[in-house]
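Report on one structure; see the data block that follows.
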Amino acid sequence: MASVAVRSGTAALGSCSLQSQTQCRTGGVAGSAVLPIRKQNLLQSNFQGQQLSFRPSTRPSHGPSMVVAAPPSPSITSSPEEENPSPFSGFDYGAKPPFSLADIKNAIPKQCWEKNTLRSMTYLARDVLVVFGLAAAAAAVNSWVTWPLYWLAQGTMFWALFVVGHDCGHGSFSSNKKLNDFIGHLTHSSILVPYHGWRISHRTHHQNHGHVENDESWHPVTESIFKDLDPFARFGRLTFPIALFAFPFYLWKRSPGKEGSHYDPNCSLFTPSERNDVLTSNAYMVGMLAILAAVGVVAGPAMLFKLYIVPYILNVVWLDVVTYLHHHGYEEKIPWYRGEEWNYMRGGLSTIDRDYGIFNDIHHDIGTHVVHHLFPQMPHYNLKEATEAVKPVLGEYYREPEKSKGPLPFHLVKPLIDSFNNDHVVPDEGEVVYYKKAF
């Protein structure tokens, strides 16, 4: 419980130049630009919509495109961008949408907002029973033939417990805050996550999703920050699969360019009124560490390693993979925003839904991510219905997830690796920017 710029060797063009406006619509056509022309409604919520405006775009192209080059002139010195123009290859996801957050919310059926505590507790009970059942069976068999299977299964279930705690932090598990916090502490502490510390930083992530500087989780690293990173930090940030083990380090030290720790009550993440919450979560963490130490004494360090440490590490990989793929690795570059171009809705629309095959239900539909990011208070078991309801409103702003071709989501390996190889930094300036290679 983390862009953007023109790639090296490409150029930025306007969203819809006045000279070539023969095709300009809210759909996407290869070689055409997009300019929604209806003004965005003002939202009757905590987030204010913004009106449309003509703007230059730095959106890079990933597909075949038509280039119209100006006649060469010996009296003009072209910049690298001008020498390598790259018009749009399809729909411009960085263009301002012709709908508002209120339009999206109004399309969602009333029943999708209803929280059912008993249903949530049923999912929790299922997860807990599976976790303890797997551990008991593995300890009883204690064979190197079955341990790898146990690690994969239990690491997956640890991640499922994390998602339950994640929902508690959003208040979507139940309408009872005390129950949410209690269950959140149990589920998160059991996998060594400080519930309140992470809950608050994750709230910051949702409130600032898609913002270059203010986002919290896997937020983009600017070129200037990247240049200042020490070699170890660069290696950890960009190297696959090393970066998939980053979560414990993020809890301790946050992301590059951010200061503080999820365990420090005086961190800038937390308000004075939240410091006691952070200390409470730290106490739960100490309790869990004591339990693990006792298991190590009674059952032995080797059994502790096999029963808990390895599944914990695989749970970390799940967490980093899922979090990363919800904000990176789409076939078209994802826009990131600054300044007046950012608002809550546009930031939320920069997230991506994913299909995790047989793991969709096990992981409580965490892959249904766009609606979750816009409305995190919605229970996970209603996200699919809500997503289908908002698709007509979102149109091409909704990125339909590639379906898993089998029970296991191997189709996500390529976009994950491609993104790590190409999505490194974003420019220091620009209000709509995209990831590019750092070297």
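Yeah, the Cβs are placed from backbone N, Cα and C, and that goes for glycine too.
Residues annotated as compositional bias 'Low complexity' in TrEMBL: 64-89.
Look at TrEMBL and you will find 68-136 tagged as domain 'Fatty acid desaturase N-terminal'.
As annotated by TrEMBL, domain 'Fatty acid desaturase' applies to 144-398.
Per TrEMBL, the feature region 'Disordered' maps to 52-89.
Residues annotated as transmembrane segment in TrEMBL: 123-145 (among others).
The feature transmembrane segment is assigned by TrEMBL to 235-252 (among others). A Cβ distance under 8 Å defines the sequence-distant neighbours of the transmembrane segment (235-252), meaning residues of its chain 6+ beyond its ends; these are 1, 192-194, 197-198, 221, 229, 261-263, 313, 316-317, 319-321, 324, 416-417, 420-421, 424, 438.
According to TrEMBL, the feature transmembrane segment maps to 283-305 (among others).
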Intrachain neighbours beyond the transmembrane segment (123-145), with Cβ under 8 angstroms and 6 or more residues off its ends: 153-154, 157-158, 160-161, 164, 183, 187, 299, 303, 306-307, 364, 381
Chain residues in Cβ proximity to the transmembrane segment (283-305) (below 8 Å; excluding those fewer than six residues from its ends, i.e. six or more beyond): 139, 185, 188-190, 192, 194-195, 263
